[in-house]
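Asker: One structure, pasted below without further comment.
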Amino acid sequence: MAAPLVLVLVVAVTVRAALFRSSLAEFISERVEVVSPLSSWKRVVEGLSLLDLGVSPYSGAVFHETPLIIYLFHFLIDYAELVFMITDALTAIALYFAIQDFNKVVFKKQKLLLELDQYAPDVAELIRTPMEMRYIPLKVALFYLLNPYTILSCVAKSTCAINNTLIAFFILTTIKGSAFLSAIFLALATYQSLYPLTLFVPGLLYLLQRQYIPVKMKSKAFWIFSWEYAMMYVGSLVVIICLSFFLLSSWDFIPAVYGFILSVPDLTPNIGLFWYFFAEMFEHFSLFFVCVFQINVFFYTIPLAIKLKEHPIFFMFIQIAVIAIFKSYPTVGDVALYMAFFPVWNHLYRFLRNIFVLTCIIIVCSLLFPVLWHLWIYAGSANSNFFYAITLTFNVGQILLISDYFYAFLRREYYLTHGLYLTAKDGTEAMLVLK
């Protein structure tokens, strides 16, 4: 399987290198769908200029990246294009090996449940085979590397790509069962963009599964392991933040990065849900509604943990999608990360209800973004309502798509234990309805 992966990597790097050398690179780097005030390469360059002059990069209201990122590019500024191509390649490789190991765990668990007669007798067609799962890791790498969203993000040199790499390595180390490395990469991802904090719960649930520790409030082993993992995570985060202070000799980065993410002061249009509402809102209402909007990312973690505690990797997939939809400054690079997981759930396609319509909605919206932006900003024949309407449609399409996957997953799990052909009490055919 190594040769096909290398081929995919070569094709992906070639496409990116060609686009970097084309006239499209400058155009892509300015697209509001691809970069945000947090991830814009131009803002990184401005921060580097201030740093070279001996001025704090956070002294203005332009740079909002983390100190480790600015010091990374302080030394690698001349190789920025190569750094972003390597970053994408590392993300794909990490996802490839993560899903390869995950499939082994899934098949082993499925085999055990079959031996214990935990499945209904008429669900043979729902059982996954090694041949069916063989090419899934390669498809995941393919979906990530050749996704137009990922390519655009790389060519624009959006720092979202680095965040995706950290999350991918968090997933890999979690599936490998390394609690220490998992905590470190989760801390790095949280340090980079704050929202990956919500991935702590699915990561912990998976590691508990690997240790055969039951998720029970009365279990001493559960609390001991949870405390150890939490301490490794918090300790890593504290070390990273202290290192940032050591580099800058200042705490200015905390309000400039995390305060900026949470308070949403820059209302530059993007593909998110925040900017239009707060541009139209009176200032004295904004704090309340910022809290309401921000809580969406964190609110679903507990109910999802309760419902999907036996399936932490699917929980992780849903949570990454929730972050991509509800974060304050999303870009298409965030969307590309959870889309890479679609091949992992290819066994759910038969249960998806609206996959064709929702796919069409997302594709059409992606094509209309630059059109409506041009009509609004350059032609003057449209206004912000047009652009926000397509943004809202895009996000509703994502929400419905993820909801469809969630429904399909629960439906398949129900069929596995209760049988594929359900009957009502009177013997007639029954239909499964999710409420």
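In case you wondered, yes, glycine gets a Cβ from its N, Cα and C as well.
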Asker: With reference to Swiss-Prot, specify whether LEU76 and GLU310 are located on the same side of the membrane.
Answerer: no
Asker: Which bits of the chain, at least 6 residues beyond where the transmembrane segment (137-158) starts or stops, bring a Cβ under 8 A of a Cβ in it?
Answerer: 1, 4-5, 8-9, 11-12, 15-16, 19-20, 24-25, 28-29, 31, 33-36, 39-41, 44, 80-81, 84-85, 87-89, 91-93, 95-97, 99-100, 103, 331-333, 335-337, 339-344, 346, 366
Asker: Taking helix as H, G and I and strand as E and B in DSSP, count the residues of the topological domain 'Cytoplasmic' (346-354) in helix, strand and coil.
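Answerer: Tallying H, G and I as helix, E and B as strand, the rest coil: 6 helix, 0 strand, 3 coil.
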Asker: What does DSSP say about MET217 (cardiolipin binding site): helix, strand or coil?
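Answerer: Going by the DSSP assignment, MET217 (cardiolipin binding site) belongs to neither helix nor strand, so it counts as coil.
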Asker: In this structure, which of the binding-site residues LYS216, LYS309 has the fewest other Cβ atoms within 10 Å of its Cβ?
Answerer: LYS216
